[in-house]
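In TrEMBL this protein carries:
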type    : residues                                                                                               : note
DOMAIN  : 66-178                                                                                                 : domain '3-dehydroquinate synthase N-terminal'
BINDING : GLY104, VAL105, ILE106, GLY107, ASP108, THR128, THR129, LYS141, LYS150, THR168, LEU169, ASP170, THR171 : NAD(+) binding site
DOMAIN  : 180-328                                                                                                : domain '3-dehydroquinate synthase C-terminal'
BINDING : GLU183, HIS247, HIS265                                                                                 : Zn(2+) binding site
Amino acid sequence: MSIVTVGLAARSYDIVIENNALADAARHLAPWTGKGRLVVVTDTNVAASHLTALTAALAGTRIDPIILPAGESTKSWAHLEQLCDALLALEIERSEAIVALGGGVIGDLTGFAASIVKRGCSVVQIPTTLLSQVDSSVGGKTAINTRAGKNLIGAFYQPSFVLIDPATLDTLPVREVRAGYAEVVKYGLIDNPEFFAWCEGNGPALLSGDPAARTHAIETSVRAKAAIVGEDERETSGRRALLNLGHTFGHALEAETGYSDRLLHGEAVAAGMAIAFRFSAARGLCSTEDASLVTAHLHRMGLPASARSADVTASGSVLAAHMSHDKKREGGTVPFLLARGIGQTFLDKSVSLDEVAAFLDSDVG
Ligand SMILES: NC(=O)c1ccc[n+]([C@@H]2O[C@H](COP(=O)([O-])OP(=O)(O)OC[C@H]3O[C@@H](n4cnc5c(N)ncnc54)[C@H](O)[C@@H]3O)[C@@H](O)[C@H]2O)c1
Ligand SMILES: O=C(O)C(=O)C[C@@H](O)[C@H](O)[C@H](O)COP(=O)(O)O
Ligand SMILES: [Zn+2]
């Protein structure tokens, strides 16, 4: 078992990473079961594969499940309302924890609901996708998507505890494992070239469910994210913005595909990171060799590495228009995460959306 702490003074919390932790949920969740019941928010797929096991592990505690449809379209106003109404109907009390059992969709939506129901209830994250275990369950970004763009309505609201059971990934479809892998390799590309090299060697084993590779990837990612969040919780210093590598491009691709299962978040981020490296090379910031290495690695891992390979045919100016809603925008300018090389990502405020649009029209990836 490993424990990683997110250090945020009074709002610090632990992340426990342990194979088969779900079977031991009574011990791990003891601080939140004292009231005799737990409200568990999940989706239809996760309910089918893991809710029974969690309920059995918590024998003696009444489980009140709220089961939502699976998929990105659940991060919506309509489902936020449905979830808040369900929590109120269950007479949730602020001293109880709401458990988010699922991937990033359930985690982001439940975290946001927890931040507003009765002005704030505790939330415990039990992530069940690779993406949510390495990224979304940690750090307290919660949100829904709206017509104007991705995650534009939300709150910074930290969980009270995160319980990661890598064994839950045994039931995850391989396309979802691949999508989560994009956020794993992101940590190497940001500031850890040794981890990128590890990904080059061990990515295939990770995708095929090798337990040692899986645990190493989860622990490395969670430690990296916890450290960044501890330094810059609300993305004000520029440090946390590094976690957004590939996301300004990626969110535009997601908007273009209507936040549907046509393009998963991790797939969009993969394409966005490769675009960011090629754009950096085109600006003379990083070598074309590094940009090609990133593109080739993502392709080898079965991920899209361009708008075209993500099946998005929109023009550069249409994609740039989506990017103008980016939350990092300041004084009318959207800063971009660019790179001087693998492991050397930085925030560049000198890019214009016209330049990005022209680059995208010429980018073949
Ligand atoms: N808050 C953050 O910091 C942060 C970070 C990264 C991504 N995100 C958000 O996370 C979301 C994507 O999360 P995701 O990739 O986990 O997608 P997801 O939550 O939609 O889960 C992917 C699919 O896998 C299914 N599933 C989940 N766990 C399973 C399991 N163990 N076995 C079988 N099926 C399972 C789900 O039902 C769903 O169909 C996006 O909305 C993205 O914006 C948030
Ligand atoms: O935790 C962060 O900070 C991240 O940027 C992690 C991203 O992987 C994640 O997709 C996040 O939700 C994107 O944030 P946003 O502020 O661009 O919506
Ligand atoms: Zn992401």
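Every residue, even glycine, has its Cβ placed from backbone N, Cα and C.
Where the annotation comes from TrEMBL, it is an automatic prediction and has not been curated.
Keep in mind it's a predicted model, so treat the numbers as computed, not measured.
Residue counts for the domain '3-dehydroquinate synthase C-terminal' (180-328) by DSSP state, with H, G and I taken as helix and E and B as strand, are 102 helix, 0 strand, 47 coil. Under DSSP, residues within the domain '3-dehydroquinate synthase N-terminal' (66-178) fall into helix, strand and coil as 50 helix, 33 strand, 30 coil. There are 27 other Cβ atoms within 10 Å of the Cβ belonging to HIS265 (Zn(2+) binding site). Checking the binding-site residues GLY104, ASP108, THR171, HIS247 against ligand 1, the ones with a C-beta less than 6 Å from an atom of that molecule are GLY104, ASP108, THR171. For ligand 2, the neighbouring binding-site residues among ILE106, ASP108, THR129, HIS247 are HIS247, by Cβ distance under 6 Å.
Here the CA atom of GLU183 (Zn(2+) binding site) lies 15 Å from the CA atom of LEU169 (NAD(+) binding site). For GLU183 (Zn(2+) binding site), the nearest neighbour among the listed binding-site residues (GLY104, ASP108, LYS150, THR171), judged by C-alpha distance, is GLY104.
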